[in-house]
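Enquirer: Take a look at this one; I'll ask things after.
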Amino acid sequence: MVHDFVIGNSAKLLLQNLDADKLLNQFGKYGRYQLFVYAMVSINFYIFSYLTTIISLIGEFPEDKCSTNLTVINANLTNTTDKYISLADEFGINCESSGILDHANGVFMIGNFMAAPFSTYLADRYGRRLTFLIPLWIIIFLTIACAFSPTFIWFLIFRFLSGACGAAVMVVGFVITVEAVAGSFRSIQALLNALIWVFGIFSVGILHHYYIKNWRYLYLFIAFPGLISIVYYKVFPESLHWLIANKKTEEIRKYIIKSSKMNKTHINLNICRTEQIIENGVVVDCLEEKTEETLKTPPKRNFFDLFRRPSFTFHLTLNCYIFIVLNFLYWALTLYSVDLHKNKMVGFFLSAVVEIPAGIISMILLMICGRRTVTVISLTGQAISLGLTIFTPRGFIFRDISSFLEFFDFRGFVFRIFKKFF
């Protein structure tokens, strides 16, 4: 087991030139401390799926409210039997202005779009820990603020800010989950992340359908479990990959000691060294004596460094394009899942169920196939399924067949697989 030790130049050099993946492998595929960190992060992903899909239910405008054929008696009967209070009911949105309900998801996604680039930059610059925790705490506060919004405009403002913080929670959180565990565990993440995502969708669907009949209470419900994250400030560590990349020797030492203690394991740091290190573009031996100048933190990278290597720029552009396509299809199907079946809750829950086989299949294939092969097959399957949907007949059967094809359109499958490239 690793005990406290004095940081001299040789020990500092060893810590600064550790290979994070080799060190994590030393703690094991199911290292307790690593899984503890993974669980703290991934459990919060359900907040994002809950907040994203909730609008499909509370933001729906019933078509029968715009019917001119209803008698006064029927209208009164509807008012007494339909006890659910939606956004439209609360804020006095009528038939003519019902289109503004779509803005609730629109501003959320715009917030995502605007915040994602900054969150990744800040995570690289200042560390994953606070870049994840601060937006997580803010989104809990904003969720409460949304539930108590006095007007629809204020609701949209809080939704926009929630989307911005949600981008940091999801993007930075996903990076942390990958960096927190051994490489052999990462294929299992596809299934675990899918189950957590489904849990968020099922939670809002079940609560809406069976228990909570007021949109404010439904929105507020998500905030209370998130309050547990306040204790993260004391127990949540910085990413080991980030610490090594930025040569934070004291923090690396503390991480190793804490992890070794919780995992009750002995590790050999000498076999966790990088094979080579690069200084000013020159490959040097890891054991070579270094001066004090060498031990200094390397200069920070910037955005333009992404375009210095043509091959990397090409793959980055390709990945971005495919991600745009995937997100367009994924969210279009998810947010309009209530329209995929004549019973809106069937379509809504089917949208969640599709994630489970997607996670299982992706986990298995990632273990036996290359990522590129699996991704190509998945994208092809998605294109075929969506193409078949176009040729399905209209009417009630159209909705049923569309729901069936949606189950096999590989949307969640492709999404889970493709994230492995990052």
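Each Cβ is built from the backbone N, Cα and C atoms, and glycine gets one as well.
Reproduced below are the annotations present in TrEMBL:
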- 35-58: transmembrane segment (TRANSMEM)
- 37-422: domain 'Major facilitator superfamily (MFS) profile' (DOMAIN)
- 106-123: transmembrane segment (TRANSMEM)
- 130-150: transmembrane segment (TRANSMEM)
- 156-178: transmembrane segment (TRANSMEM)
- 190-211: transmembrane segment (TRANSMEM)
- 217-236: transmembrane segment (TRANSMEM)
- 312-333: transmembrane segment (TRANSMEM)
- 345-368: transmembrane segment (TRANSMEM)
Enquirer: Any chance you could find the range in 106-123, 156-178, 190-211, 217-236, 312-333 with the most Cβ pairs under 8 Å to the transmembrane segment (35-58)?
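Expert: So the stretch in question is 190-211.
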Enquirer: With CB pairs under 8 Å as the measure, which of the listed stretches 106-123, 130-150, 156-178, 312-333, 345-368 comes out on top against the transmembrane segment (217-236)?
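Expert: Looking at each of 106-123, 130-150, 156-178, 312-333, 345-368 in turn, the most contacts to the transmembrane segment (217-236) are made by 130-150.
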Enquirer: Tally Cβ pairs under 8 Å between the transmembrane segment (106-123) and each listed stretch (130-150, 156-178, 345-368), then give the stretch with the top tally.
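Expert: Stretch with maximum Cβ contacts: 156-178.
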